[in-house]
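Positions annotated as N-acetylalanine by Swiss-Prot, on the basis of similarity to another entry: Ala2. The feature domain 'Alpha-carbonic anhydrase' is assigned by Swiss-Prot to 4-261, with sequence analysis given as support. Residues annotated as active site, proton donor/acceptor in Swiss-Prot, with similarity to another entry given as evidence: His65. The Zn(2+) binding site annotation in Swiss-Prot covers His95, His97, His120, and the record cites similarity to another entry as its basis. What Swiss-Prot lists as substrate binding site is Thr200, His201.
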Amino acid sequence: MAHSDWGYDSPNGPZEWVKLYPIANGNNQSPIDIKTSETKHDTSLKPFSVSYDPATAKEIVNVGHSFQVKFEDSDNRSVLKDGPLPGSYRLVQFHFHWGSTDDYGSEHTVDGVKYSAELHLVHWNSSKYSSFDEASSQADGLAILGVLMKVGEANPKLQKVLDALNEVKTKGKKAPFKNFDPSSLLPSSPDYWTYSGSLTHPPLYESVTWIVCKENISISSQQLSQFRSLLSNVEGGKAVPIQHNNRPPQPLKGRTVRAFF
């Protein structure tokens, strides 16, 4: 989904996306600021459950605006279910968002509080659709698990991912990434917020059931700087580090954010 017609800096930063992707001003855009006093405690919600098979981890790819760890998604070996979801959602990739400083790199904020980075685990509705591409534009097509990251102690669970970044320094590079269980990156608390939203970068489809974990995970300043050392240029081009790739919070426009605590 990496296109040179959009980015995170002017002249084609987030405020300009609407020119090419009118849905950027839609009613269900993400991320949002989660105002905890306005969330609705919903007793019908269940804890979400993940079952990830480490053998489905496949490769790591520099997509120009971030990097993705991709998973084999031809069967239901790695799935997210329960919580607010009607069926099984299959893991296709995870990626991170970060900022040019340690203070602010998250996409979601909580009561206006910004976090250092954010992990997104992207899943598609395999109970109803036959591929990520088919599901990605459908209202019930995707589920993304969001985990806020706070600068502090180094997180040893991130090390395997960080160690692989040298192999995908420039845009378009990919390398094998095997035997990894991303549930190791999740916080221990089952608490979450959920709402209807969108992909946070073009094509910005309003197809996402968001599950944002209430508890954050740690990342050190040094680990964060490794994200920023990735390059958005192809090999041989002028080195342009990916300094930041976080879209600002979007208007809620009457949506309800439900809480499972």
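Cβ from N, Cα, C; glycine included.
Note that the structure is predicted; figures quoted are calculated from it, not measured.
Secondary structure at Thr200 (substrate binding site), as computed by DSSP, is coil. When Cα-Cα distances from His120 (Zn(2+) binding site) are compared across the recorded positions His65, Thr200, His201, the shortest belongs to Thr200. Residue pair His97 (Zn(2+) binding site) / His65 (active site, proton donor/acceptor) shows a Cα separation of 9 Å. Counting only the Cα atoms, the space from His201 (substrate binding site) to His65 (active site, proton donor/acceptor) is about 10 angstrom. Around the residue listed as 'active site, proton donor/acceptor', a 10 Å sphere centred on its CB holds 22 further CB atoms from the protein chains shown. A distance of 12 Å separates the Cα atom of Thr200 (substrate binding site) from that of His65 (active site, proton donor/acceptor).
With every protein chain in view, the residue among the binding-site residues His95, His120 whose Cβ has the most Cβ partners within 10 Å turns out to be His120.
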